[in-house]
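According to TrEMBL:
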- 307-342: domain 'EF-hand' (DOMAIN)
- 1-26: signal peptide (SIGNAL)
- 91-110: transmembrane segment (TRANSMEM)
- 122-143: transmembrane segment (TRANSMEM)
- 163-183: transmembrane segment (TRANSMEM)
- 216-233: transmembrane segment (TRANSMEM)
- 245-267: transmembrane segment (TRANSMEM)
- 436-455: transmembrane segment (TRANSMEM)
- 467-493: transmembrane segment (TRANSMEM)
- 505-529: transmembrane segment (TRANSMEM)
- 541-560: transmembrane segment (TRANSMEM)
- 567-586: transmembrane segment (TRANSMEM)
Amino acid sequence: MANHHASLLPLLLLLILLCLGGSVHSRSLLGARTPDPVSDGVDVRRRGGGGGPGSPYLQLLRSSPADAESASSCEETYGFLPCTASWPGNLFLIVVYGSLMFLAATYLSNGSELLLEILGPGIVGGLFLPMLGALPDAMLILVSGLSGSTETAQSQVSVGMGLLAGSTVMLLTVIWGSCIIVGKCDLHNSVAMDKQDTKGFSLKGSGVSTDLWTKYAARIMVFSVIPFIIVQLPQILNSTSGRHLAVLISLIVSLILLIAYCIYQVVQPWIQRRRLAYVEDKHVFFGFLRHIRTHPLGRLLTDDGKLDKDFAEKLFTTLDENGDGYLNAAELKALVVGMQFEEIDLNEDGAVDRIMKDFDSSNDCLLELPEFLDGISKWVSRARSSASGIKNFGTGKFLDDAHHQTTQEHAQLKSGDQTDEVTEGVGNPKLTTLKAVLLLVLGTIIAGAFADPLVDAVDNFSDATGIPTFFISFIALPLATNSSEAVSAIIFASRKKQRTASLTFSELYGAVTMNNLLCLSVFLAIVYIRGLTWDFSSEVLVILIVCFVMGTFASFRTTFPLWTFSLALLLYPFSLALVYVLDYIFGWS
């Protein structure tokens, strides 16, 4: 019995509690759900609850609202890639994602070179390779303006502008100056001697020489900044109504220039061969005039520098051995015997063919006297037009000057000619093509996959440190997207030859041109489509200054003494300081 009563005791206590609960009053819990504990409402003032007097519920907050907002601002990219709100964590992520972008750029570069070995220049070298080189930058610019809402995109788009400006400035300052240092050779008569570097760090005695095509690449780079000027016109005119229209016009112009540049790159080898043939013709004709000037029959030129027709007629009669009134190839060859054509790799038969082709207007492979006189007169006039500051034309000194200038021009063109290089046979074309395609695909996938998390890491790092995103992307991102190109350029320049130096600097100017056209087109398209505000006056000014200074400097000379590297390197800190002063002291942005 005692055991039976003991087993009923817990049930009896439970019934008593339930009866007492009928007289207990409680309040409902209203409001947003929260993980923080809720007070029972007893002695509100002593407990210091968060609800305050008259509040139906009380919260004991264990975290501040700022901490909650900071924790919610970090979103995992793709739902699984790590993110953090702390600056050390974001710095680590920038390094990791930047290394992956560098890997992507390396794969794209290696794949492009393999593809060039298989397919050669032309469409591959002129169209695909420049675009593939700019692909990582374009990816980063694209995702910087497509992320999230319009407000988020407006905040992150400065990452794209920082990358655009930073890539251009780094290529034309740090990389350009480094190529001058590692590629320097001894200067002789203002021309760098291949593989001769005995003068050390002589600021004027050593330097780098390039070909004429490199000058043209620099000029094209200068013209590629036209879209930047167009998009800045409303700011220059203090107009707010035409900014959106200016972005559209600039986008159209940049696309047109991009297409024109790609077409030029494709046809450039053909243009180069035609230009080289034309210069070789000039070399032959000016050498021909210098040669017949010494003929014992009399003087080739009058005192005013014109052709002495009596002398030319006597020369024609002397050469016409059979007296038929025509000069054939054999008779003309007797005149060119003794002329020096070794400088252009041409023999006497080749020289006769060029003279006959230019002089023979009737195309019958025979020269009549009028054709002979007209041909010589035409080239005397061209030689005179190339002379300057000569008073006594009768001495014929302008012929020597014209011939010397043509010889230099031929040497510069020949150094940049890729057609005379021996292309090594590829052992297994199919395997090499497959490897090239795999590298290009892999590089594109990596660049596309990690561009967005890299932009997010830069944005979060900026929020955590208070450093503007422009400066982070200006300094850090170009190191990731252009490092492989920079290392390749420096290694190529270190070969200390005019040909390799010309190719190195042409590629630098071409990379900047593609930044100014392709990457800017992507940037402008994002700004226009998403309705973002174009407010990058200081950044655009930096791009214009660096491109104008370096482009103009390289457009009118082919030899760069060693001291020019300091000009390039100083432009880099100047660019950073200028943006800071204009934005944070004068309030441009």
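Cβ atoms here come from the backbone N, Cα and C positions, even for glycine.
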Cβ-Cβ under 8 Å with the transmembrane segment (436-455): same-chain residues at least 6 beyond its ends: 77-78, 81, 83, 93-94, 97-98, 100-101, 103-108, 110-112, 114-115, 118, 132, 135-136, 139-140, 142-144, 147, 156, 159-160, 477, 480
Paired segments the transmembrane segment (541-560) and the transmembrane segment (163-183) in contact, 3+ CB pairs under 8 A: yes
Secondary structure composition of the domain 'EF-hand' (307-342) [DSSP: H/G/I, E/B, coil]: 20 helix, 2 strand, 14 coil
The transmembrane segment (163-183) versus listed stretches 245-267, 467-493, 505-529, 567-586: most Cβ pairs under 8 Å: 467-493
Leading contact stretch, 91-110, 216-233, 245-267, 505-529, 567-586 vs the transmembrane segment (467-493) - CB distance under 8 Å: 91-110
Per Cβ pairs under 8 Å, the stretch of 91-110, 245-267, 505-529 packing most closely against the transmembrane segment (216-233): 505-529
Rounded mean pLDDT for the residues that make up the domain 'EF-hand' (307-342): 79
Non-local residues, at least 6 beyond the ends, that sit with Cβ under 8 Å of the transmembrane segment (245-267): 122-123, 125-127, 130-131, 220, 223-224, 226-228, 230-234, 510, 513-514, 516-518, 520-521, 524-525, 527-528, 534
